[in-house]
Structures are given as C-alpha cells and as structure tokens.
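Per Swiss-Prot, these features apply:
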| type | residues | note |
| --- | --- | --- |
| BINDING | Asn160, Lys161, Ile162, Asp163, Gly214, Gln215, Ser216, Gly217, Val218, Gly219, Lys220, Ser221, Ser222 | GTP binding site |
| BINDING | Cys297, Cys302, His304, Cys310 | Zn(2+) binding site |
| COMPBIAS | 1-17 | compositional bias 'Polar residues' |
| DOMAIN | 104-273 | domain 'CP-type G' |
| REGION | 1-33 | region 'Disordered' |
Amino acid sequence: MSKNKLSKGQQRRVNANHQRRLKTSKEKPDYDDNLFGEPDEGIVISRFGMHADVESADGDVHRCNIRRTIRSLVTGDRVVWRPGKPAAEGVNVKGIVEAVHERTSVLTRPDFYDGVKPIAANIDQIVIVSAILPELSLNIIDRYLVACETLQIEPIIVLNKIDLLDDEGMAFVNEQMDIYRNIGYRVLMVSSHTQDGLKPLEEALTGRISIFAGQSGVGKSSLLNALLGLQKEILTNDVSDNSGLGQHTTTAARLYHFPHGGDVIDSPGVREFGLWHLEPEQITQGFVEFHDYLGLCKYRDCKHDTDPGCAIREAVEEGKIAETRFENYHRILESMAQVKTRKNFSDTDD
C-alpha cells in the first residue's frame with residue numbers, strides 16, 4: 001500500500017476541487033430538492049459499487065447513491081450527504097453523497113493493471129497483527145513497517161496467540177520483539193482466546209481510527225471480535241485444519257466502532273502490503289534505524305550490501321543495527337526486483 005504523492009500544483013487543484021464540491025453541495029444541488037433533505041455531515045462506513053453506507057452524526061446509517069462527479073470514495077471518508085425523503089408510495093429514496101472532505105491520509109494498494117487503488121481514508125494508525133502460529137515472521141513485520149513509514153502512519157505491533165507459549169517460548173519471542181522496541185516501535189502481546197493483554201490494546205485504540213493488517217491465520221479477525229464484542233460469525237477468518245492458514249470471509253472494507261471508544265476499518269485490501277511499486281531509496285528510508293547512517297557511506301551510490309565503506313553494514317557489524325533487520329531489508333529489495341521483472345515480462349507479452 002502506498003500514499004499518493006502529489007506535486008504542489010496538483011495539491012492546489014485537488015484542494016480547489018474539494019472546496020468547489022463542498023460549496024456546490026450547500027448552495028447549488030444538482031438534484032431535485034423535493035427528493036432530498038438538507039445537507040449533513042457524515043462518514044462512509046462502507047462502499048458498494050455506486051452506493052455507500054454513510055453514518056450521520058446521530059449514529060444512524062443511510063444507504064446513499066454517489067454523485068458521478070466524485071471520483072474517489074472509500075471507507076473512512078468524511079462527506080457531505082443529503083438524506084432521501086419518503087416517496088409517495090411510502091418507499092424511502094436513497095440519500096446522495098454530494099462531496100468529500102479533504103483526507104488526512106489515504107491508504108492505497110498497487111495493482112498491476114489499474115495502478116494504485118485507494119482502500120481507506122483518514123487512518124490514524126496501523127495495527128500490525130502477527131502470531132507465533134502458523135509462523136512468527138519478522139520479514140513480514142518488516143514489510144508492514146516499511147509500508148507504514150512510507151505512509152507516515154504510526155504502526156503498533158501486536159503479537160497474538162501468546163497463550164500458546166511456554167516460559168522458554170515467551171522469553172524467545174520477547175527477545176525477538178526487543179528488536180522493535182529498541183528502535184522505538186510499540187509492541188503489545190495479547191491473546192484473543194484468553195483476552196490477556198487486551199486492556200493496553202484497547203487503550204491504544206481509544207479515540208483513533210485504526211486499520212488492522214496481518215497475514216491469514218494470525219487471528220486478526222478473532223482479535224477484532226474480542227475487541228468489538230461481536231459474535232464469531234460476524235467477523236471471522238477460520239483456520240483451515242489442513243493448512244493452518246486462515247480462510248478470508250471479509251469482502252468489503254467496513255468501519256466499526258469499538259465499545260471502549262475509537263474506530264476500526266476492517267478491509268480485505270490490507271492482508272499484504274505490496275511494495276514493488278516503491279523505489280529502493282524508499283525502502284531504505286523505511287528502516288528507521290538506518291537514518292543516522294545515510295549519507296555516511298564512502299560512495300554516494302552505495303547499495304548497502306558488500307560495498308566497501310558502507311556505514312550501515314559497519315553499524316550492523318558493530319551491533320548497532322540488528323542483523324535480522326538488515327537481512328530482511330535485502331530480502332525485501334530482492335523480492336521487489338523479482339516482482340518488477342515479472343511485471344515487465346508480462347507487459348512485453350501483451
């Protein structure tokens with residue numbers, strides 16, 4: 001996932017379009033006023049094709065059509081909308097989304113065919129959910145962290161299923177998580193099964209809009225169920241008995257309210273973070289502990305691998321940077337190059 005980067009001129013045009021839409025929605029509606037009520041503020045709970053569920057300030061959810069002039073609308077967008085009035089035969093008319101407020105953040109995912117697609121808007125933090133089963137993968141955690149740093153959205157690492165650890169296993173996992181604690185990331189250890197550790201997580205979620213990211217099988221949906229107080233069948237990623245991997249059931253991004261305060265957007269679009277569209281320099285910047293050593297290498301075009309005089313490699317050798325993180329950095333770069341090669345090969349076949 002990535003955050004669209006606009007030039008100053010493009011940003012000015014986007015802002016002007018937002019203001020024009022907001023002004024038009026209040027002064028010159030394009031639709032018959034007899035069909036719709038007064039403009040109101042709301043937030044998009046979910047998007048379905050050319051329709052969206054919008055929650056009003058009083059907490060009611062309204063199914064709305066979307067104006068054709070609105071090019072992009074995703075869960076989490078703050079909008080101006082108008083409720084539909086009851087028709088003559090007593091059937092309620094759908095409301096209409098008139099305009100979209102400027103976003104504070106937008107999460108997108110790269111797509112081979114359609115470029116970059118928005119997934120959700122106005123996210124405050126990304127909760128990276130991992131687990132000791134099926135496998136604790138620091139490489140996957142590092143990929144998520146690079147995406148968060150690129151998006152400039154705060155991450156929280158949550159390790160689930162700690163109830164399955166014995167004392168020795170807990171000591172090992174804590175040692176692994178210290179790698180992230182030591183470079184400033186917040187790490188929480190929880191169990192959605194026993195609900196151990198949920199209180200600190202609830203506090204971290206209160207008053208913020210979060211999105212949970214995690215591979216299949218880590219118990220992300222079970223954790224959301226425990227936090228939301230929902231029944232198992234409402235949000236679930238059941239684990240296959242044969243593979244140990246979760247079976248996805250969520251089909252559209254949707255915003256939920258936590259009972260303790262705060263919101264979460266549950267989206268199938270953040271199961272994996274595609275990084276292949278990023279430049280190598282962006283990946284390097286995504287490793288926060290590298291920052292103090294950038295620009296100190298002997299050669300300006302240093303690849304931070306076997307290059308002589310590489311300040312980052314020297315920091316690894318001196319124990320200032322975790323070797324595991326350094327290895328994952330190169331794994332990410334290698335996987336990016338492979339994906340780009342496949343994409344370029346596919347493009348030449350068309």
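The backbone N, Cα and C atoms fix where each Cβ goes, and this holds for glycine too.
Features recorded in Swiss-Prot, as mapped to the structure shown.
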| residue | record | DSSP class |
| --- | --- | --- |
| Asn160 | GTP binding site | strand |
| Gly214 | GTP binding site | coil |
| Lys220 | GTP binding site | helix |
| Cys297 | Zn(2+) binding site | coil |
| Cys302 | Zn(2+) binding site | coil |
| Cys310 | Zn(2+) binding site | coil |
* Structure fact -> Taking all protein chains shown into account, the Cβ-based neighbour count within 10 Å for Cys302 (Zn(2+) binding site) is 18
* Integer Å distance between the CA atoms belonging to Cys302 (Zn(2+) binding site) and Val218 (GTP binding site) -> 37
* Largest tally of Cβ atoms lying within 10 Å of a Cβ, found at which of the binding-site residues Asn160, Ser216, Ser222 -> Asn160
* Asked: Where the distance is taken from Cα to Cα, which of the binding-site residues Cys297, Cys302, His304, Cys310 turns out closest to Gly214 (GTP binding site)?
  -> His304
* At the level of the C-alpha atoms, what whole-angstrom distance separates Cys297 (Zn(2+) binding site) and Lys220 (GTP binding site)? -> 41
* To what whole number does the mean pLDDT across the domain 'CP-type G' (104-273) round? -> 84
* Asked: Which of these binding-site residues has the least crowded Cβ, counting other Cβ atoms within 10 Å: Lys220, His304?
  -> His304
* Structure fact -> Quick tally, other C-beta within 10 angstroms, Ile162, Val218, Cys297, Cys310; top of the binding-site residues is Val218
